[in-house]
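Worksheet for the structure shown next.
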Amino acid sequence: MVCPRAALGPGALWAAAWGVLLLTAPAGAQRGRKKVVHVLEGESGSVVVQTAPGQVVSHRGGTIVLPCRYHYEAAAHGHDGVRLKWTKVVDPLAFTDVFVALGPQHRAFGSYRGRAELQGDGPGDASLVLRNVTLQDYGRYECEVTNELEDDAGMVKLDLEGVVFPYHPRGGRYKLTFAEAQRACAEQDGILASAEQLHTAWRDGLDWCNAGWLRDGSVQYPVSRPREPCGGLGGTGSAGAHGGANGGVRNYGYRHNAEERYDAFCFTSNLPGRVFFLKPLRPVPFSGAARACAARGAAVAKVGQLFAAWKLQLLDRCTAGWLADGSARYPIVNPRARCGGRWPGVRSLGFPDATRRLFGVYCYRAPGAPDPAPGGWGWGWAGGGGWAGGARDPAAWTPLRV
């Protein structure tokens, strides 16, 4: 429909001009470049909300601004009686409250208390500042502006830098219901990955031939190197146009989350602390791993922490070590033949016998925690002696200078 020029007020012309700018802007703003502002017109034509197109990107522990501005097409309106509300989309038709402001009254809800506040950069700024970003903050947020009977809303997507990793417990593959997969990821310092995160990981080379739960309740798996046991060499079972010779994300669709069992694809982000490999004077059984790390002011690293250290801190170590779930793994940034083959990644030895197999241990030290045993110290039994078939008690370890 074409409207006569006289029917358009200054505010409408302003909004239309921004709409033309959006149409001429390249799709998908790149990180590090100034974002194009997206204008969404309310049905009433009175309140107009602006949000950033695409997504904003942060990491765990970071601070991010979720951009949102509004204006009125009619100059008679003021900003005093405006209600600003931020909610998070948890399901297509379900929202959880994040932050509400009405004049001088502001309130944050749930886990956002103490972390969320308005940016307050002049009249019409409804942007939300979110501090100490957590893994659970990932997702879509709605900014809603209401004045009397008029309202408009815009959507902002918050993405996190991080890494997707496949996971199954000691009991074996395909043992987890959806709820159990959620708990397993949380126990390993992660959350269930989204379909978008898995697709990004596949594009970065993730290749895993076992299906796992995702956050939306679907079951999928990424294949970067097609082969017959992993969905075949053709496009059958692949995601969209990403099958064929280039592999793809195989998709089982949405499954019964209380009865069917699969593995899990977890996601974790930036580490606030540091993962390091601890090699005691002698390799230890799993029962000695926690004490060895505790003696260095640390805890046995979780699987997600090791993946984050490999991906984001470039930890590269060609030596297997215990992790908190009883598995033994090691991270490879620079592939070499004697360290597991041609591809970078976190190698896994599965879940070795916790009493008979001996390894070093990967430890995680939280920020600010001191190292009570700096370089030059190790751990063993005073008086020397060998392992003696496992008769030595790790609880009797004492610090020994090496």
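Quick reminder: no glycine exception, Cβ is built from N, Cα and C everywhere.
Look at TrEMBL and you will find 1-29 tagged as signal peptide.
The domain 'Ig-like' annotation in TrEMBL covers 46-161.
The annotation domain 'Link' is assigned in TrEMBL to 163-268 (among others).
Residues or ranges marked as disulfide bond in TrEMBL: Cys209-Cys230 (among others). Its Cβ taken as reference, Cys209 (disulfide bond) is surrounded by 14 other Cβ atoms within 10 Å in the chains shown.
DSSP labels the residues of the domain 'Link' (273-365) in these numbers: 22 helix, 26 strand, 45 coil. As annotated by TrEMBL, domain 'Link' applies to 273-365 (among others).
Under the heading disulfide bond, TrEMBL lists Cys318-Cys339 (among others). The Cβ neighbour count for Cys339 (disulfide bond), using a 10 Å radius over every protein chain in view, is 16.
When the disulfide-bonded residues Cys230, Cys318 are compared by the number of other CB atoms within 10 angstroms of each CB, Cys318 has the fewest.
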